[in-house]
Amino acid sequence: AVKQLWGDGDHMAEIDDMMAEQEAIHGEKAKSVCDLFRDKAVRWQLITLFLVSSCMQLIGANMVYFYAYSVFIKAGIPPDQTHYVSLGVGITEILTTVLCGFLIERAGRKTLLWRSYTVMALALGLLTVTLSLQDSISWVPYCSVALIFIFIMCFGIGPAGVLCPLVTEIFIQSYRPAAYVFNGVINWIQLFTLGLLFPFIV
């Protein structure tokens, strides 16, 4: 099954990990979300998952998507063509998330997250400057469009791509279903809260 999934090669290290995990859980049944909160052995994994998930929601992707339309209009893109540019932004996110799948083993999760978050923070800082200058300098709106694409590329390569496999990598098999439930609930609560508060913040 491993060869069929990953192709020919020496996969004994991965198989040894699987066997060690199977030995460690001794046929334990899947844990509930309550067990996940009660067990001190997985406390740091839970905190890590919460922080990475929260950072993904609070980094500003919603803000970038919210302002993208007005940025595209200011850059001179006709209103009937902006949906194509928005589609391009979505495709960019998908392609960079796929690219993350190829980079994640070579670069490492921490490296992808820290570098992506750093570039995203710089892009947001510069985007704030370009949005405030876009009426006074003619070429600045194009910089805003480029910064939106840079932000979305980093979002796809970093948080969007790294968070998906994180649950399976930091929790043993018996805790994974509960961890997925916890991650999903946290994501949707934060999305709901942001969706509710963001118009008032604007």
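Just so you know, glycine gets a Cβ as well, placed from its N, Cα and C.
All annotation found in TrEMBL is predicted automatically rather than curated by experts.
So that you can see what the record holds, here are the features copied from TrEMBL:
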- 46-72: transmembrane segment (TRANSMEM)
- 84-104: transmembrane segment (TRANSMEM)
- 116-133: transmembrane segment (TRANSMEM)
- 139-168: transmembrane segment (TRANSMEM)
- 180-201: transmembrane segment (TRANSMEM)
Chain residues outside the transmembrane segment (180-201) and at least six past its termini with a C-beta under 8 angstroms from it: 33, 36, 46, 49-50, 53-54, 56-58, 62-63, 66, 167
Top partner of the transmembrane segment (46-72) among 84-104, 116-133, 139-168 - counted as Cβ pairs under 8 Å: 139-168
